[in-house]
Amino acid sequence: MFDISDSTVLRNCRLIFGCCLCGRILIVVRLVVLSFFLTWRVQHPNEDAIWLWLMSIVCELWFGFSWILDQIPKITPVNRATDLEALADKFDMPCPSNPTGRSDLPGMDLFVSTADPEKEPPLVTANTILSILAVDYPVEKVACYISDDGGALLTFEAMAEAAGFADLWVPFCKKHDIEPRNPDSYFSLKGDPTKNKRRSDFVKDRRKVKREYDEFKVRINGLPDSIRRRSEAFNAREEMKMYKHVKEVGGDFTEPIKVQKATWMADGTHWPGTWAVPSAEHAKGDHAGILQVMLKPPSPDPLFGSEESMMDCSDVDIRLPMFVYMSREKRPGYDHNKKAGAMNALVRTSAILSNGPFILNLDCDHYIYNCKALREGMCFMMDKGGEDICYIQFPQRFEGIDPSDRYANHNTVFFDGNMRALDGLQGPVYVGTGCLFRRFALYGFDPPKPEMINSGSITESPALNPADFDPDLDVNLVPKRFGNSTMLSNSILVAEFQGRPLADHPSIKYGRPPGALRVPRDPLDATTVAESVSVISCWYEDKTEWGNRVGWIYGSVTEDVVTGYRMHNRGWRSVYCITKRDSFRGSAPINLTDRLHQVLRWATGSVEIFFSRNNAFLASRRLKFLQRLAYLNVGIYPFTSLFLIVYCFLPALSLFSDEFIVQNVNVTFLVYLLTITICLISLAVLEVRWSGVGLEDWWRNEQFWLISGTSAHLAAVVQGLLKVIAGIEISFTLTSKSAGEDVEDIYADLYLVKWTSLMIPPIVIAMTNMIAMAAAFCRTIYSPVPQWSKFIGGAFFSFWVLAHQYPFAKGLMGRRGKTPTIVFVWSGLITITLSLLWVAISPPAAPTDVTAGTGGFTFP
């Protein structure tokens, strides 16, 4: 933002305005036509197949309702732009009051979460950390935290290796303006690495860093064996000590001496977290809290390197941001609330150690691709009117996906279409990673109230009490809401004050004075570190509002959506920030089964939301109407699967029964159908135009919508209903795996065929429609009076279903037709069952004496 006169911004605004106007007209036209069409359908039932007509009418009414929920919130899409030069001029440039040019930007805490080093390789996590430590933001303002929810020594030592390698990697990135600042991604780039590099020593420096990075990878990949050998050696030493002790006291050697198989650190002490061989107080759900400051807070002023080091850094600031490893305490009998609980532990410990007023959370495989991403987000937070923004959501971009994006893994329609459209309302939903939060909003407070701003009662100093921002909060009840840490309570309003925009203009009534954040932070002491350990204990949240009102919200597998919903429900707004260069990049499952299970988790969370008090029906008045519709769609969309699966069977039932959803395929029906189709295509074209989504991406999204709707979404609805009604929890797990042998293919995982019960409904739908088309075609050919109109109508819709299932069929075939036997077994069983079922429902007519030419038989 900042410079709205920028020609690019104006051009984007004109484009979106024109598309919005046409889109609104088309939405109205389609809504009117759809109303007339459904009215006509209701008034003209098919008397010959009332059951077929009734099923189609019910499905079409629901599809119309779900289309309204999905389309209406898209009527005001927004494109935003930022001006990084204006931000730098305002906060980082030297001035008479700041001759050293010390930054006045607020602090930033970056959270990375991981849970299992076997599923989330430590090398990937280490590369993410390195991209954070090299981010282009004032070094003294940045603090990086990693939450290891598995408490693994492997992760701890990998992070220690990353902190050591950062001494070389970060100065190299700053010296030569490296992008991206993930070493693995950077050294994997194709093309000339010297392009746009002006310094003569770049090639020499790059060669040195590449050699060091290769050794760094070897050390990281060798950590499992290193830890195992070290632990075996220490355990053997302890066993010898025990043997010697027993010998000295004259003990009995008839029974073998047993020593607990501990996991040892390099300093010769027991690892306080999870051991390789789990033991009491050293298992994933039972271990002490661990906190290690691996890189201490840097000095407030630049520190330049020397010419004599491995790389000439005499003109490079070699300071590194603060880096903290954390593994919260876990004990049996406590509900640790999975990722949401880990994020809340990070919020508390960071409030005491660094208390950055803004928080960016990333997954361990989601690294910073654009080193200026943090500055892009701060353009909105620090702009006029930014005080009521609760978070900045960045789009998720993925690497390692097949060029055709067979299963719509990029989610471009969602990220570039739906999310951008919500930005024109109260803001996009929170999608779990790549999100820049205002810490004060995470604490459960409402946005600043206009009457408080106008009175000037809270603009002068952070020395206030939380009741000034929440009339319902008694000062004496602060520990009940946030816990009994005095340091944490005192940090709340400091973070609120530091997160305000600069009050350097009369139009900014709610701000902080310029220069207030140029004061160096206090150094860490033993008391502060001890307090930060106490707030990650498993009992700290007892009888508090953490997870209920404060922090990440508990009770759903999609805690991200619920957390964002709660903020919007309190009146905050959010912003969607799409940058010219992708801000963040990560990885996504490209295999069919993994993708279906990912979608199943999302849909299950949506069903949980629908049956909880976070349902948009129960929202407050501060949630705007169109935003309410958008959140209502989040909770309802999985239920469309119930109607979609019926509608996918309707063409086959029509072909089997020789009936159609209408009595006669007349001109009125065809005109309505054609008009609705044209409106849908036109809306899709407009949406593709203003969002920048490619037609192929749009078509892939449509295909996977049907595939996931008849599999994962249906399973999510079943799970949700069983859990709510009967309290039964079920899971859909993988049972077999068939992999390709070509390990050199980067897309080898795409061809894996892992059988899961989620595949049964799509297979049944495909087989039923193919059998129905073949049976109806044979019947029509041999019929004395062929009724081609009914066949063509049913066959057209069957082809529509099968065309959408094409990626699913390719997924079942694996590579070079190497389909697992279980797929053929299921297909054969389903085909035989369907054939027997139809014969039982509609048995063939008995032979009769008829004239020649009919073959002696009558056909149904």
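Glycine is treated like the rest: Cβ placed from N, Cα and C.
Summarising the annotation, TrEMBL assigns transmembrane segment to 15-38 (among others).
According to TrEMBL, the feature transmembrane segment maps to 50-69 (among others).
Residues annotated as UDP-alpha-D-glucose binding site in TrEMBL: S113, K119, E120, D149, K338. Residue density at K338 (UDP-alpha-D-glucose binding site): 14 other Cβ atoms are found within 10 A of its Cβ, drawing on all protein chains shown.
Within 10 Å of the Cβ of D149 (UDP-alpha-D-glucose binding site) there are 22 other Cβ atoms, across all protein chains. What TrEMBL lists as active site is D149 (among others).
Take the CB of D363 (Mn(2+) binding site) and look out to 10 A: across all protein chains shown you find 22 other CB atoms. What TrEMBL lists as Mn(2+) binding site is K339, D363.
Around the Cβ of D560 (active site), the number of neighbouring Cβ atoms within 10 Å comes to 24. Annotated active site per TrEMBL: D560 (among others), in sequence order.
According to TrEMBL, the transmembrane segment annotation covers 630-653 (among others).
According to TrEMBL, the transmembrane segment annotation covers 665-686 (among others).
Sequence annotations record features per position, and here TrEMBL assigns transmembrane segment to 763-782 (among others).
Under the heading transmembrane segment, TrEMBL lists 788-809 (among others). Cβ atoms under 8 Å from those of the transmembrane segment (788-809) belong to residues 406-407, 592, 648, 650-652, 654-655, 658-660, 665, 700, 702-707, 762, 765-766, 769-770, 772-773, 776-777, 780 of the same chain, restricted to positions at least 6 beyond its ends.
The transmembrane segment annotation in TrEMBL covers 821-841 (among others).
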For K119, K339, listed as binding-site residues, tell me which one has the smallest number of other Cβ atoms within 10 Å.
K119
What other residues of this chain sit with their CB within 8 A of the center of the CB atoms of S113, K119, E120, D149, K338, the recorded UDP-alpha-D-glucose site?
T114, A115, D116, G150, K339, A342, C364
Give me the non-local Cβ neighbours of E120 (UDP-alpha-D-glucose binding site): same chain, 6+ apart in sequence, Cβ-Cβ under 8 Å, ordered along the sequence.
T114, C364, D365
Of all the binding-site residues given, namely S113, K119, K338, K339, D363, which is spatially nearest to D560 (active site) at the Cα level?
K339
Spatial neighbours of D363 (Mn(2+) binding site) among the binding-site residues S113, K119, D149, K338 [C-alpha, 10 Å]:
S113
Round to the nearest Å and give the CA-to-CA distance linking D149 (UDP-alpha-D-glucose binding site) with K339 (Mn(2+) binding site).
8
Determine the Cβ neighbour count for S113 (UDP-alpha-D-glucose binding site): the number of other Cβ atoms within 10 Å of its Cβ.
20
Over the residue list S113, K119, E120, D149, K338, recorded for UDP-alpha-D-glucose, what is the maximum interresidue Cα distance in Å?
16
Could you round the CA separation between K119 (UDP-alpha-D-glucose binding site) and K339 (Mn(2+) binding site) to a whole angstrom and send it over?
15
